[in-house]
Ligand code: HEC
Ligand SMILES: [Cu+2]
């Protein structure tokens, strides 16, 4: 039911952008007129950086044609000590590569979907004035690339994210980042700049449960986050990964919130923000303790570090910081400044003693697919492969996702024809099919598995969730393979 509601919402959103397309010719933004008239002068390749780093400031450069080349990678990474996760990324990091432009630039954006990826993706940049923020022009299947262009009309700090259905799932897996549009002449100079983005994650196992943790759709819908983190992982900004500065330096943080669900109460323990560009826009607030960053929003905060020590970045919804990972560190070195602060300075004082995240044993090094000696071994091995390869789409209990991924549980299509199912896993499937009376017309990409692995995963599927219980052997897989 809830899923269906979601897809109806997407349709309404899409309809909305079609209507707005039809309803207005040209740009109705307050300063659209003048920014649209800025002429570009030459061409450059955008410097893209992974967090916590940002590209060089724009300074006084004139508006140019800016070439952005972004590759989507689906890859396993570490969420917490001993806990891994399959992240979907823009450019190989969470958040995705930082893009830095100035107002009036013409961005020529190429989005590449790596051939090893399993899913189609796209990009919606909040800095874009146009239908779907580019999403409707950038839908790209694995092994393809697509180019679209836009002019940056409004200065500010903007979120970009994937907007492919199920949208929430793509965002929850890490598909977001920031694009900065500097005003003409750039922002005032500071000594250090960093890129930080909060995100909430939903895993099958609870916080700290070791191993490869699949995405949990129901927890995401219920907004029960297992992890709330900066830059995609609990330790992305702690210990050796801390950001650094020296006493007396001015710091600018570009802070975004990918969500998908939670609003951030962004705070640096022991600092006061001298300036906050509220919501990443033009309005500047002064002397701020904690700034709100909505899901799908951003803020720019600036402060000067006057005393040495470790300053801790948190979401001040404080259980998230100490129990779910929303904690980072800024290490400031230099001379004590007793006129500002003269207490005991202890590094790491705020490390979460909640402990689970820190002490879970690693769970790496499972041997590479050995040969199953019995049906029960085959099912056990198949279960692992399912979790790694199929679960993202067909879901934990094989229930699928309505209108997107067909069910495997009690699926007539699956149970009616074993050889057809083998062929689908080997070669992928496109075109309309009917499963349990519902139509699906989507793409399943071919899975790169050995014959043994295909046999194991299908045997697991057939033995689960009320299916027929057939054993699929490697010989059967080899036979189907050679008949194509
Ligand atoms: C990227 C998402 C995705 C992944 C990963 C994926 N599938 Fe699919 N699968 C689909 C889609 C979409 C269809 C429907 C294709 C169509 O509409 O033609 C489908 C169809 C099927 C079908 C036939 C329809 C049915 O419900 O019986 C089977 C069987 C199947 N997949 C098994 C698997 C197995 C086993 C794996 C893991 C080895 C897997 N799939 C991985 C998306 C995926
Ligand atoms: Cu995506």
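Placed from the backbone N, Cα and C atoms, the Cβ positions cover glycine too.
Just so you know, TrEMBL annotations are computer predictions that nobody has curated.
If you check TrEMBL, you get these features:
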BINDING   121, 126, 161, 162, 170, 175, 316  Cu cation binding site
DOMAIN    377-465  domain 'Cytochrome c'
Residues of the domain 'Cytochrome c' (377-465) by DSSP state, where helix covers H, G and I: 45 helix, 16 strand, 28 coil
Binding-site residues compared (162, 175) - the one with the fewest other Cβ atoms within 10 Å: 162
Winner by Cβ contact number (other Cβ atoms within 10 Å) across the binding-site residues 121, 316: 121
Under 8 Å by Cβ from residue 170 (Cu cation binding site), counting only residues of that chain that are 6 or more apart: 88, 119, 121, 161, 162, 163, 164
Most Cβ neighbours inside 10 Å, all chains, among the binding-site residues 126, 161: 161
Where the C-beta lies under 6 angstroms from ligand 2, the matching binding-site residues among 126, 161, 316: none
Local confidence of the prediction over the domain 'Cytochrome c' (377-465), expressed as mean pLDDT: 90
Residue 161 (Cu cation binding site): secondary structure state under DSSP, collapsed to three categories: strand
